[in-house]
Amino acid sequence: MASKEMFEDTVEERVINEEYKIWKKNTPFLYDLVMTHALQWPSLTVQWLPEVTKPEGKDYALHWLVLGTHTSDEQNHLVVARVHIPNDDAQFDASHCDSEKGEFGGFGSVTGKIECEIKINHEGEVNRARYMPQNPHIIATKTPSSDVLVFDYTKHPAKPDPSGECNPDLRLRGHQKEGYGLSWNSNLSGHLLSASDDHTVCLWDINAGPKEGKIVDAKAIFTGHSAVVEDVAWHLLHESLFGSVADDQKLMIWDTRSNTTSKPSHLVDAHTAEVNCLSFNPYSEFILATGSADKTVALWDLRNLKLKLHTFESHKDEIFQVHWSPHNETILASSGTDRRLNVWDLSKIGEEQSAEDAEDGPPELLFIHGGHTAKISDFSWNPNEPWVICSVSEDNIMQIWQMAENIYNDEESDVTTPELEGQGS
């Protein structure tokens, strides 16, 4: 039996390598930017910070990322990294593509273009790290313990204390187990939600300040789910509404003004397997998306949750991340275990397709990013550069990429480059 499994693993590895070679060959036609960087340790989390600076006379802008580490029994860190991204008018062409690393966009190699600026000691791996929108210096993290930690990275030395001591500015208590979901309220400063394997969602107000030492107790604990709560998200336009999704296959919508924390305002059987993630549309009061172990992304309207608006199908395995574009109301992306990051366009749902096109996926599947050869752990849309995404995978690889403009810009004719090899997912 073991030898059969080993054989299957080897075959899968070969297929993955073959697909990666094809992807690399095609990058000049499919992307306007690809930067590949091997991190010292894999990061389970990634988020662009909102700040950007444009050094005078340079053909690049400086952006920052929040990352974490997942080491093998070595000291873990919360990391802020600085990234050089070339300006649109930077002089480069696809012939400069470094075919060895599959990188281009003005960069033969990314050495020195992505650097860790701040490293802060962390207790165990960083399951997730998210900055507070009202003050991006404040970052909350999920740990392998039940505590949620809060750091103000301006109050920590750029180089971590060699003793390895983790010294968060606040320690948020309320959970019994670890988890992944984490969401800051963009309308109420300091209000943080967290989802946990203990079946609950905790809410803290960090402005309340610690009761003793640095410990802040949960302001409320929501207990509606009957299994691991995978993700939680505040509504982006209503300060008191949030959603949670769990292994009980349910999506729950909560209102913090309600006098009960054991029963959500709305409950829907969202998928036929665990629900791993959710995302509210930043432009719409009513639209949200959920991603599931059933390999689909579902689209919902808060006005009628009994009816699923649409199901996005193309992923070959569990979906763990779904995020709407910060720049386009109809664009969202999803990723997970199948090593693919899919970008979807709602405005193309129901468009007619040739039989040949239909083989590649439904009309709303705008793009498949095939650059990762391991499970994607997290991704983030750049808030300052439309269509730029940073994705991180379990094999230490971080990619910063932007699909070619002619793919999302319909006015131009479609790519009909004869050199383009089969990009099957």
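For all residues, glycine too, the Cβ spot is worked out from N, Cα and C.
As given in Swiss-Prot:
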CROSSLNK  Lys4  ubiquitin cross-link
CROSSLNK  Lys4  SUMO2 cross-link
MOD_RES   Thr10  phosphothreonine
CROSSLNK  Lys101  SUMO2 cross-link
REPEAT    128-173  repeat 'WD 2'
CROSSLNK  Lys155  SUMO2 cross-link
CROSSLNK  Lys159  SUMO2 cross-link
REPEAT    181-217  repeat 'WD 3'
REPEAT    228-269  repeat 'WD 4'
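When Cβ atoms from all protein chains are considered, those within 10 Å of the residue listed as 'phosphothreonine' total 10, not counting its own. With a threshold of 8 Å between CB atoms, the same-chain residues lying at least 6 positions outside the repeat 'WD 3' (181-217) that come near it are 128-135, 138, 140-142, 146, 148, 150, 168-175, 223, 225-234, 236-239, 242, 244, 246, 254, 256.
Rounded to a whole number, the C-alpha distance linking Thr10 (phosphothreonine) with Lys4 (ubiquitin cross-link) is 10 angstrom. Residues within less than 8 Å, Cβ to Cβ, of Lys159 (SUMO2 cross-link) and separated from it by at least 6 positions along the same chain comprise Lys119. In this structure, Lys4 is the one among the recorded sites Lys4, Lys155 with the smallest number of other Cβ atoms inside 10 Å of its Cβ. Along the repeat 'WD 3' (181-217), the predicted structure has mean pLDDT 96.
Each residue contributes its Cα atom, and for the residue listed as 'ubiquitin cross-link' and Lys155 (SUMO2 cross-link) those atoms are 54 Å apart. For the repeat 'WD 2' (128-173), the DSSP counts in helix, strand and coil order read 3 helix, 22 strand, 21 coil.
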